[in-house]
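**Student:** The region 'Disordered' feature in TrEMBL is assigned to 1-105, 337-368, 640-674. Among the features that TrEMBL reports, compositional bias 'Basic and acidic residues' is placed at 30-49, 71-105. Under the heading active site, nucleophile, TrEMBL lists ASP188. Residues annotated as substrate binding site in TrEMBL: TYR244. Look at TrEMBL and you will find 342-366 tagged as compositional bias 'Polar residues'. As annotated by TrEMBL, domain 'Pseudouridine synthase I TruA alpha/beta' applies to 454-560. The annotation compositional bias 'Acidic residues' is assigned in TrEMBL to 662-674.
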Amino acid sequence: MDAKTAEGTAPEGVRSKLRGEESSDQQQEQSERSGGNDKRDRDTSEPPDKRRKWERGGRLQHGSRGRGDKKKNLGRREHFREKLDRRGRNDAEQSKRRKIDEGGDKVNSVLPAAFSKEEIDSDERKPKRKVAVLLGYSGTGYKGMQIDTKERTIEGDLFTAFVAAGAISKANADDPKKSSLVRCARTDKGVHAAGNVISLKLIIEDPDIVEKINSHLSSQIRVWGIERTTGSFSCYQACDSRWYEYLIPTHSFLPPHPSSFLGKKMVELAEQNGELEELNKRQEEVANFWPEVEEKYIKPILETLDDSIRPLVEKALYEVDGIRAAFCDTMSEAAGGKGPSNGINGSHSLEPPQGNQTISDSSNGQPILDATAEIPDEVKSKEEAEVKDILPNIEGTDHVIVKVEAEDGITPLPDTTANKQALEAAIKTLKKAYLEAKKAYRISPARKARVQEALDQYVGTRSFHNYTVQKKFKDPSAKRHIKSFKVAETPIMINGTEWLSLKVHGQSFMMHQIRKMVSMAALVVRCGCPMSRITESFDNVVVRIPKAPGLGLLLERPIFESYNTRQADVHGREQINFDKHRAKIDDFKQKEIYERIFREEEEGNQEIQGNHGNHFNSFFTHVDNYKEPTFLYLTSGGIAATQEPGHSSKGKGKQQDKWNEMESEDEAGGDEEG
């Protein structure tokens, strides 16, 4: 028996040994033919330091030769000798599929269960066509657009409706991949879409198929139309660009309170850099807001407070600890600030809060404020939770906070003892007054022009590495092209609060990009920062930009101009265009999207844990009181101020870890990804 025959019949371990011996014999033969001049044929009697690294033995650097424990790449011949066990692999796959067919893996699936073989055989076979489904939805209560067998998603409800309406056969009802389902733009949980597109193969012989599909959907999801496409159509690949809209209250553009951490730093660094006059000029259209609020609404309340409570209330309201700030969508509301009206003040066009309020002395432990309107239980619990979050900030003072059980208020207490009930009531009253004053603000044309100027900085091709997660300046994928970013001419008035509509048109967007763009523009405007700070963020620098609340974001519509002109018209297909459904879309937007956004901001959503409303006020208040130099790039100190050497580093590590954790989490997955 020759060597090759022995190798072919021997077990794998023996074959490897035979191949090794054969390889050694070949090397020795080659060495003898070359007369022993091969450089690799070295005298092992040489001192170790004279040998090459791979000849000395031991662990070598990655990529070095001679490492015995490193698995070598197989050559083509050896690769085919190491044949895969395809039969075993197929048996495993078939076993898994049988388990799925029996329902073993679909007990908790939100998708339709697989039909029995008898039902599939009895189902009439109908032709499938490649189509584009035009739809809109309100994302409230859904875990996003992308299908998930364990969570309720937009695509999951759509697919179930397709099966129920007969647009997908029973044979394909257990797996969306069988229908070649592709989405145009993926939206995150809670994000809405007035217009989106999915492409897949559907049975569309029934002329009433759209109405039948909608009959199996909730009012939050509507199919506008179904257009037959070319066979190779993919809505993701064919999409040229996308329009997004972001709704934001105008009080988000008010300057930070002068006594907040950021408000103080703005004045301090402007004076150090000799830019206080320029800062005041950029804030002149909002120069009277805070003094007016303090004089008309806050000062009268403070004057009625007992001496044992007043300093504690001021400390709780004006020295909020920013370390607990969490830049996410569902964060608890933090208190606004108050203090001396020095430095930069703000605003104009202030309307007094609605409702009659009576102020009474708190020294006897009675409530500070009696509101004529009854407060709902959920609002009461929300306010109580907020006050409890604030009280720890004033511990450690000379005052002792106690709960007074005596209802008659005659229990004698030391001068340094504060009535806890009265303190909570006072904080609650002042917080409400600040929030109502903000909601009464009406933006001026000059302020709105500054907002537009900030948005104009994004137009063109820019490196948005600071506007997403895990992207570097040199990463080519961080470059995105923005076609336009516009503020609507007319603000929207809802329940006494004024909103602005911001619409951005771009080729594609990265995770969190739109929310960070809106956040940066709002922060630059409200802090009176030069617009050049936005363009600096496109350079090779690190700028920590918090993402604005996801509540106001919605996908307006995708654009398919290239497909419509080059493919649809040539092949006799209908163009993918939302304009023909404009009336229905506008009605849906108003009822199912806009009103939900306004309602959640005003009242919160009790179905979502931690969603207590006032998202925008909470977000910007947290930024204003974040007691680290992270956001000092919004001041006259510029980006260099974020590395302020004289600032205390206490707690900096925890804050940085918290920031990285917030920014890295894939929640909201790609809320604007696509």
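In case you wondered, yes, glycine gets a Cβ from its N, Cα and C as well.
From a predicted model like this one, the values you see are computed outputs, not experimental measurements.
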**Student:** What is the pLDDT of the domain 'Pseudouridine synthase I TruA alpha/beta' (454-560) when averaged and given as a whole number?
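**Tutor:** On average, pLDDT over the domain 'Pseudouridine synthase I TruA alpha/beta' (454-560) sits at 95.
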**Student:** Within 10 Å of the Cβ of ASP188 (active site, nucleophile), how many other Cβ atoms are there?
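**Tutor:** The answer is 25 other Cβ atoms.
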**Student:** Let me know how many other Cβ atoms fall within 10 Å of the Cβ of the residue listed as 'substrate binding site'.
**Tutor:** 27
**Student:** What are the helix, strand and coil residue counts for the domain 'Pseudouridine synthase I TruA alpha/beta' (454-560) according to DSSP?
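**Tutor:** Its residues fall into 31 helix, 33 strand, 43 coil.
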**Student:** Fill in the CA-CA distance, TYR244 (substrate binding site) to ASP188 (active site, nucleophile), as an integer in Å.
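**Tutor:** A Cα-Cα distance of 13 Å.
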